Amino acid sequence: MSKPILSTGLRWLWLVVVVLIVDLGSKALILQHFALGETVSLFPSLNLHYARNYGAAFSFLADKGGWQRWFFAGIAIGICVLLVVMMYRAKASQKLNNIAYALIIGGALGNLFDRLWHGFVVDMIDFYVGDWHFATFNLADTAICIGAALVVLEGFLPSKQKATA
(Lines of atoms letter the chains of each structure in order from A and count residues from 1; the text may use other names and numbers.)
(Lines give C-alpha, C1' and ligand atoms only; values in the text may rest on other atoms or scores of the structure.)
Protein backbone atom coordinates (compact mmCIF):
# COMPACT_ATOMS: atom_id res chain seq x y z
CA MET A 1 0.00 0.00 0.00
CA SER A 2 1.50 3.35 -1.00
CA LYS A 3 1.56 6.45 1.16
CA PRO A 4 1.12 10.03 -0.01
CA ILE A 5 4.67 11.28 -0.63
CA LEU A 6 4.15 14.49 1.34
CA SER A 7 3.26 12.50 4.45
CA THR A 8 6.68 10.79 4.36
CA GLY A 9 10.20 12.00 4.92
CA LEU A 10 10.55 12.32 1.14
CA ARG A 11 8.94 15.72 1.60
CA TRP A 12 12.43 16.86 2.61
CA LEU A 13 14.12 15.85 -0.66
CA TRP A 14 14.08 19.51 -1.73
CA LEU A 15 17.00 19.95 0.68
CA VAL A 16 19.01 17.43 -1.38
CA VAL A 17 18.56 19.70 -4.41
CA VAL A 18 19.67 22.77 -2.44
CA VAL A 19 22.82 21.00 -1.19
CA LEU A 20 23.62 19.79 -4.73
CA ILE A 21 23.19 23.25 -6.26
CA VAL A 22 25.36 24.95 -3.64
CA ASP A 23 28.01 22.21 -3.68
CA LEU A 24 28.29 21.77 -7.44
CA GLY A 25 28.11 25.54 -7.96
CA SER A 26 31.00 26.15 -5.56
CA LYS A 27 33.05 23.42 -7.24
CA ALA A 28 32.33 24.86 -10.70
CA LEU A 29 33.58 28.27 -9.53
CA ILE A 30 36.78 26.71 -8.21
CA LEU A 31 37.35 24.77 -11.43
CA GLN A 32 36.78 27.90 -13.55
CA HIS A 33 38.82 30.38 -11.54
CA PHE A 34 41.58 28.43 -9.75
CA ALA A 35 44.61 26.54 -10.97
CA LEU A 36 45.30 23.25 -9.20
CA GLY A 37 47.05 24.05 -5.91
CA GLU A 38 46.17 27.75 -6.02
CA THR A 39 45.30 29.32 -2.67
CA VAL A 40 43.44 32.53 -1.81
CA SER A 41 43.20 33.71 1.80
CA LEU A 42 39.65 34.57 2.88
CA PHE A 43 40.11 35.17 6.60
CA PRO A 44 42.75 34.36 9.17
CA SER A 45 42.65 30.55 9.47
CA LEU A 46 40.54 30.05 6.31
CA ASN A 47 41.70 29.72 2.71
CA LEU A 48 40.21 28.67 -0.58
CA HIS A 49 42.62 26.09 -1.97
CA TYR A 50 41.93 23.98 -5.07
CA ALA A 51 42.82 20.36 -4.40
CA ARG A 52 41.84 17.08 -6.02
CA ASN A 53 40.95 14.12 -3.83
CA TYR A 54 41.15 10.74 -5.54
CA GLY A 55 40.27 8.88 -2.33
CA ALA A 56 37.78 9.33 0.48
CA ALA A 57 37.92 11.48 3.61
CA PHE A 58 41.49 12.61 4.38
CA SER A 59 42.49 11.18 0.95
CA PHE A 60 42.04 7.63 2.27
CA LEU A 61 43.04 5.15 -0.48
CA ALA A 62 43.92 8.01 -2.86
CA ASP A 63 47.01 6.25 -4.19
CA LYS A 64 45.50 2.83 -4.97
CA GLY A 65 45.38 2.90 -8.77
CA GLY A 66 41.82 3.94 -9.57
CA TRP A 67 39.64 1.08 -8.32
CA GLN A 68 38.71 3.17 -5.27
CA ARG A 69 36.78 5.57 -7.54
CA TRP A 70 34.23 2.84 -8.28
CA PHE A 71 34.33 1.46 -4.74
CA PHE A 72 33.43 4.82 -3.21
CA ALA A 73 30.85 5.48 -5.95
CA GLY A 74 29.16 2.18 -5.07
CA ILE A 75 29.17 3.02 -1.38
CA ALA A 76 27.64 6.45 -2.09
CA ILE A 77 24.89 4.96 -4.24
CA GLY A 78 24.12 2.30 -1.63
CA ILE A 79 23.94 4.83 1.19
CA CYS A 80 21.72 7.16 -0.85
CA VAL A 81 19.29 4.33 -1.68
CA LEU A 82 19.19 3.23 1.96
CA LEU A 83 18.54 6.77 3.21
CA VAL A 84 15.80 7.40 0.63
CA VAL A 85 14.07 4.20 1.79
CA MET A 86 14.41 5.36 5.40
CA MET A 87 12.94 8.75 4.48
CA TYR A 88 10.03 7.04 2.74
CA ARG A 89 9.33 4.99 5.86
CA ALA A 90 9.63 8.03 8.15
CA LYS A 91 6.89 10.55 8.81
CA ALA A 92 7.34 14.04 7.40
CA SER A 93 7.05 15.34 10.97
CA GLN A 94 10.31 13.58 11.95
CA LYS A 95 12.19 16.69 10.89
CA LEU A 96 15.57 16.14 12.48
CA ASN A 97 16.17 12.70 10.95
CA ASN A 98 14.77 13.66 7.56
CA ILE A 99 16.88 16.82 7.40
CA ALA A 100 19.93 14.79 8.44
CA TYR A 101 19.28 12.17 5.76
CA ALA A 102 18.71 14.84 3.10
CA LEU A 103 22.00 16.56 3.98
CA ILE A 104 23.88 13.26 3.78
CA ILE A 105 22.25 12.33 0.47
CA GLY A 106 22.96 15.77 -1.03
CA GLY A 107 26.59 15.65 0.03
CA ALA A 108 27.05 12.06 -1.14
CA LEU A 109 25.52 12.86 -4.54
CA GLY A 110 27.70 15.97 -4.90
CA ASN A 111 30.87 13.97 -4.32
CA LEU A 112 29.53 11.08 -6.43
CA PHE A 113 29.04 13.47 -9.36
CA ASP A 114 32.67 14.60 -9.01
CA ARG A 115 33.97 11.02 -8.88
CA LEU A 116 32.03 9.97 -11.97
CA TRP A 117 32.49 13.17 -14.01
CA HIS A 118 36.04 14.20 -13.10
CA GLY A 119 37.53 11.04 -11.61
CA PHE A 120 38.28 12.94 -8.39
CA VAL A 121 36.47 15.07 -5.81
CA VAL A 122 37.06 18.82 -5.93
CA ASP A 123 38.05 20.14 -2.49
CA MET A 124 38.54 23.80 -1.68
CA ILE A 125 38.09 24.69 1.99
CA ASP A 126 41.39 24.91 3.87
CA PHE A 127 40.98 25.51 7.60
CA TYR A 128 44.17 26.01 9.60
CA VAL A 129 45.55 27.19 12.92
CA GLY A 130 49.15 28.37 12.81
CA ASP A 131 51.08 25.83 10.74
CA TRP A 132 48.51 23.04 11.30
CA HIS A 133 46.09 22.53 8.39
CA PHE A 134 42.97 20.40 8.60
CA ALA A 135 42.35 18.19 5.55
CA THR A 136 41.02 20.25 2.63
CA PHE A 137 37.29 19.60 2.16
CA ASN A 138 34.22 20.86 0.29
CA LEU A 139 30.61 21.82 0.96
CA ALA A 140 29.38 18.28 0.25
CA ASP A 141 31.66 17.01 3.02
CA THR A 142 30.25 19.70 5.31
CA ALA A 143 26.67 18.64 4.55
CA ILE A 144 27.54 14.99 5.22
CA CYS A 145 29.18 15.84 8.56
CA ILE A 146 26.30 18.06 9.68
CA GLY A 147 23.84 15.34 8.67
CA ALA A 148 25.79 12.68 10.57
CA ALA A 149 25.98 14.94 13.65
CA LEU A 150 22.19 15.42 13.50
CA VAL A 151 21.67 11.64 13.38
CA VAL A 152 23.86 11.27 16.49
CA LEU A 153 22.06 14.17 18.21
CA GLU A 154 18.69 12.58 17.46
CA GLY A 155 19.87 9.43 19.19
CA PHE A 156 20.32 11.38 22.43
CA LEU A 157 16.93 13.09 22.40
CA PRO A 158 14.13 11.74 24.59
CA SER A 159 11.51 9.71 22.67
CA LYS A 160 8.86 12.44 22.97
CA GLN A 161 11.17 15.00 21.32
CA LYS A 162 12.17 12.56 18.57
CA ALA A 163 8.62 12.44 17.24
CA THR A 164 8.51 16.20 16.70
CA ALA A 165 12.16 17.18 16.29
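Cβ from N, Cα, C; glycine included.
Going by Swiss-Prot, these are the annotated features:
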type	residues	note
TRANSMEM	12-32	transmembrane segment
TRANSMEM	70-90	transmembrane segment
TRANSMEM	102-122	transmembrane segment
ACT_SITE	Asp123	active site
TRANSMEM	137-157	transmembrane segment
ACT_SITE	Asp141	active site
Cβ-Cβ neighbours of Asp123 (active site) (radius 10 Å): 23
Sequence-remote partners of the transmembrane segment (12-32) [C-beta within less than 8 Å, at least six residues beyond its ends]: 48, 50, 84, 87, 92, 95, 98-99, 101-103, 105-107, 109-110, 113-114, 122, 124, 138-140, 143
Nearest-integer angstrom distance between the alpha carbons (Cα) of Asp123 (active site) and Asp141 (active site): 9
Neighbour tally for Asp141 (active site), based on other Cβ positions within 10 Å of its Cβ: 20
